[in-house]
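Written out below as C-alpha cells is the structure these notes cover.
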Amino acid sequence: MKAIAVQPGAGGPDVVSRPVPEPAPGEALVRIHRVGVDGTDYEVIEGTHGGVPDGDDRLVLGHEAVGVVEDPNGTGLEAGQYVVPTVRRPPPGVETNDYFERGDPDMAPEGEYVERGIVGAHGFMAEYVTSPAAYLVPIPDELAPWGFLVEPISITEKAIEHARASRSAFDWRPESALVLGTGALGLLTAAMFTETLGYERVYCLGRKDRPHPTIDIVERLGATYVDSRETPVDEVAAAYEPMDVVYEATGHATHAFESIDALAPNGVAALLGVPTDWTFEIDGGRLHRDLVLSNKALVGSVNSNRRHFEAAIDTLAALPDWLLESIVTGIYGLDEIERAFPSATAPAATTDGGSGVGPDDDTTIKTAVEFMPI
Ligand code: NDP
Ligand code: ZN
C-alpha cells in the first residue's frame, strides 16, 4: 500500500510503499478516506516537534484522519462504518497506564504516550491503518467527507472544557471571546464561539491585509476582525472591550502574556500554540498582580480524548457547509501531495518564536490528502 512518510528535518514528505498492516486481536483494519494537514505536520516535517518511532528513520505522517472499517476483526465495530481515530496511544511495550485507563490520555505527561503521526508512532497517511477499536470513534456517513476536521475541533472542545472548568467555582457568564490566529484552528474556534457556544461578541485577530478569504470568513460569522499590526493583543481591551475568554492559536509566544491584558476581570485565556524558544521582556510583576487581583486564569491545553472527539462530531454537524468549504481550500490525491503540503520543501526560519512553516501561498487555509474517494 501507499503511505506518506517523512524524515524529519531532511526535506518534504514522500509517497512510500509499506505492507498493509495486519490487525492484532482487539484491533480493526481501517481503510483511510482523507487525512488533514495542519501546522503540527509542518513542525514534524521540519524536525522541531515530534519524532520517528524507535528503530525507524521515517515517520508516516497524519493525525487528522477519517476512514472506513474494512475488517472489524471481532471488535464489535461494523464493516463499512466510518470512524475517526484518536491520536494518543500508550508507549511501545506498555499496554496501558493510569491516564489511558481513566480515559484521560490527553493529560498524560511526556514519556507516558506516543502520538500517531507526530511522535513515536506512525500516523494515518496510509491506505490502511490498524487501531484498537477503543480509539476509533464512529462518525455518521454524511459527515465522513469532513471527518478529518474532527481532530482539530476536538482540540478546542478540550481547551474550552478546561477553560470553563477553571471558572466553575462561581456563576460565570461569559459573553465575549477573542481568538488569536486566523489559521484553521483559529477559524474553526471562532466559528464554534459564534455558532455552537453562543458567545454574543466574538473577535478574531490576524495579520492579513484586506481583502483576504480569512477576513471574509471571520466577518461572515458575524465576528470582528482585529489586525494585530494595528491593535496588538495587549491593546485589544482598550480598543474593543476586555474579553471573557481569549483563545490563543498563533504560537506567537508574547501573545500568551499579552492575553492577560486582553482579559476582563474573572476571564480565562486558553493557550494552544507551541512556539519554539524565544526570550523577550515582560513586566512580570504587573501581569502577576493583574492575574491575582482580577481573578484571571491562564490554561494550557494539548491534545484531546475520546469524549472531546464525540463532542467534536456534534459540533461538526452544527457548523454550516459554507464555513467548512471555505476553510478547506484543497483536497489532493497522492499524485499531487506537494499541493497538500505547499511549503514543506521550503521551510523559512523565523526569529519570532513561530514555527516558520505553514502554507506558503497566502490563500491556503487547510488542506487534506485523499487516499480513497467515497
Ligand atoms: P497555523 O500556522 O495555520 O495558524 C497560525 C495563525 O496565527 C496564522 O494565521 C498566523 O498568521 C497567525 N499569527 C501568527 N503570529 C501572529 C501575529 N503576531 N499576529 C496575528 N496573527 C498571527 O496553525 P494552526 O491554525 O494549525 O494552529 C495554531 C497553533 O496551535 C499552532 O501554534 C499549532 O502548533 C497549535 N496547535 C496546538 C494544538 C494543541 O493541542 N495544543 C493542536 C493543534 C495546533 P500568518 O498566516 O499571517 O502567518
Ligand atoms: Zn492537527
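Cβ coordinates are placed from backbone N, Cα and C, and glycine is handled just like the others.
Residue ranges 7-26, 87-106 are listed, and TrEMBL annotates 87-106 among them as region 'Disordered'.
For the substrate site, TrEMBL lists Thr40, Glu151, Asn303; matching the candidates Glu115, Glu336, Glu338 against that entry yields Glu115. Residues Thr182, Gly183, Ala184, Leu185, Leu272, Gly273, Val274, Ser301, Val302, Asn303, recorded as binding NADP(+), reach a greatest CA to CA spacing of 20 Å.
In terms of C-alpha distance, the listed binding-site residues Thr182, Leu272, Val274, Val302 place Val302 closest to Glu151 (substrate binding site). Secondary structure of the domain 'Alcohol dehydrogenase-like N-terminal' (25-141) per DSSP, as helix, strand and coil residue counts: 19 helix, 43 strand, 55 coil. Predicted-model confidence for the domain 'Glucose dehydrogenase C-terminal' (144-342) is 98, expressed as mean pLDDT.
Taking only the Cα positions, the spacing between Glu115 (substrate binding site) and Ala184 (NADP(+) binding site) is 20 angstrom. Among the binding-site residues Thr40, Glu115, Ala184, Val302, the ones whose Cβ sits under 6 Å from an atom of ligand 2 are, in sequence order, Thr40. In this structure, the CA atom of Ala184 (NADP(+) binding site) is 16 Å away from the CA atom of Asn303 (substrate binding site).
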